[in-house]
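TrEMBL lists 23-366 with the feature domain 'Acyltransferase 3'. Marked as transmembrane segment by TrEMBL: 27-46, 58-83, 104-132, 152-170, 179-200, 220-241, 248-266, 272-293, 314-332, 352-374. The region 'Disordered' annotation in TrEMBL covers 382-409.
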Amino acid sequence: MTITQPGARPESPPGIGGTRLPSLTGLRALAGLSVFITHGLALGLFTDPQVMLDYIQYGANAGMFGLAFFFVLTGFVVTWTASSTDNARSFWRRRFFKLFPNHVVVYAILLALLIPTGTPVKAVEALAGLFLISSWFPTESFLFGNLNGPMWSANIDVLAYAAFPLLYVLVKKISPSRLWAWAIGVTALAALVPVIADAFLPDHPPSMVAPEVSWPQHWFGFYFPLTRALEFVVGIIMARIVLTGRWIGLRALPAALLTLGAYLVTLEVPIFYGYTFVPLIPMALLIPAFAMADVHGRRTLMNSSLMVWLGDRMYAFFVIHITVMFMVHAAFSGENGVSGMYSRVTFDLGTGIAVLIATYLLCLVLASILYALVEQPAMRRWSRPRRGGDRPDRPAQPLSGATGGGRSS
């Protein structure tokens with residue numbers, strides 16, 4: 001299956017198709033930071049209960065925005081970079097060698113650290129985590145037994161990449177004049193997910209992650225790959241809107257302010273909507289707005305060298321961050337925190353913030369090492385077939401995040 005028809009005439013306005021999008025790479029750094037902030041809640045760092053309550057109130061939804069960003073961005077960027085000379089097999093090969101090497105290496109390290117502690121490892125759950133299929137199972141043990149908890153979200157990436165060649169062909173058949181209607185329609189469908197979960201799924205037992213809802217409802221609305229893949233589809237459609245000249249002209253700064261406003265809204269709405277539907281709307285506008293800033297050559301904070309450097313390392317950061325957070329915190333009590341089970345030490349406000357900042361910086365250092373020693377070499381060596389049987393092809397797209405990219409793009 002070819003991703004586009006060879007020889008097809010480009011539909012994008014002059015100067016748009018194929019433009020590098022460094023601002024989207026920079027935005028990845030903020031999305032990764034937002035996930036880090038939310039996962040910091042699992043550490044229970046602060047002695048003062050009111051500080052912890054405030055942290056929960058204002059920080060719990062940050063990671064949800066980060067995930068929505070990554071899912072929409074992935075759909076947007078793979079559509080933006082789709083080539084008329086590409087085919088499904090080549091696309092899947094590149095995605096596999098971008099997604100799995102970091103994951104497998106870190107998984108092996110986690111096992112090596114975990115086994116000496118005597119912590120039981122559930123074989124089925126661990127294998128599901130290794131093959132990035134754990135989110136398909138509606139059982140909490142598959143979330144907590146996959147060794148590297150945050151990688152549940154990569155299950156959605158696997159589904160999205162597998163389906164992209166077909167989805168792209170289908171979306172390209174949509175008349176440009178109807179793309180906005182389709183974007184609104186898919187977003188509305190995403191809004192129905194929590195309604196369906198609330199109406200038709202059991203209201204017990206409570207979710208261990210979000211006790212306000214039941215686990216079946218939480219799984220269906222937040223973890224189930226088919227429902228979260230709607231965000232990926234929105235990303236595909238938004239890229240087509242830009243590429244066909246249908247963008248509404250929203251600039252980067254207003255889009256960023258809209259995103260901030262939407263975040264404040266999630267502090268007051270039911271948890272299901274704050275997790276998925278509400279973040280989807282601003283992300284569907286934020287990403288094209290910053291993409292167009294790059295297309296028109298406008299400088300943004302997000303396309304600065306520092307932000308692009310950080311964004312390039314965000315997939316490696318995502319893979320390792322929760323384990324590093326646990327192990328750093330556990331070190332204060334002299335324990336091995338690889339499993340996340342250890343005695344929590346608490347701190348005053350200033351010290352707790354300092355611990356979070358230091359841990360974030362350590363995550364960046366380790367992510368840079370993983371990026372340099374595993375991610376980049378794997379992409380250079382295996383993401384494309386060898387030419388002439390002896391040397392790997394040079395990638396058609398740069399390995400840096402200068403073209404944007406989702407969490408693992």
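Cβ atoms are placed via backbone N, Cα and C, with glycine included.
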Candidate ranges 27-46, 104-132, 179-200, 248-266, 314-332 - greatest C-beta contact count to the transmembrane segment (352-374) (under 8 angstroms):
314-332
Return the stretch with the most CB pairs under 8 A relative to the transmembrane segment (152-170), choosing among 179-200, 220-241, 248-266, 272-293.
220-241
Kindly state the mean pLDDT of the domain 'Acyltransferase 3' (23-366) in the predicted structure.
95
With Cβ-Cβ distances below 8 Å as the criterion, list the same-chain residues six or more beyond the ends of the transmembrane segment (272-293) that contact it, or say none.
21, 23-24, 27, 61, 64-65, 67-69, 72-73, 76, 80, 183, 187, 190-191, 193-194, 197-198, 210, 213, 217, 221-222, 227-228, 230-231, 234-235, 238-239, 241-242, 247, 249-252, 254-256, 258-259, 261-263, 265-266, 300, 302-303, 404
What residues in the same chain, six or more past the boundaries of the transmembrane segment (314-332), come closer than 8 Å to it by Cβ-Cβ distance?
28-29, 31-32, 35-36, 39-40, 42-43, 45, 98, 102-103, 106, 110, 148-151, 338-340, 342-345, 355, 358-359, 362-364, 366-368, 370-371, 374-375, 401, 407-409
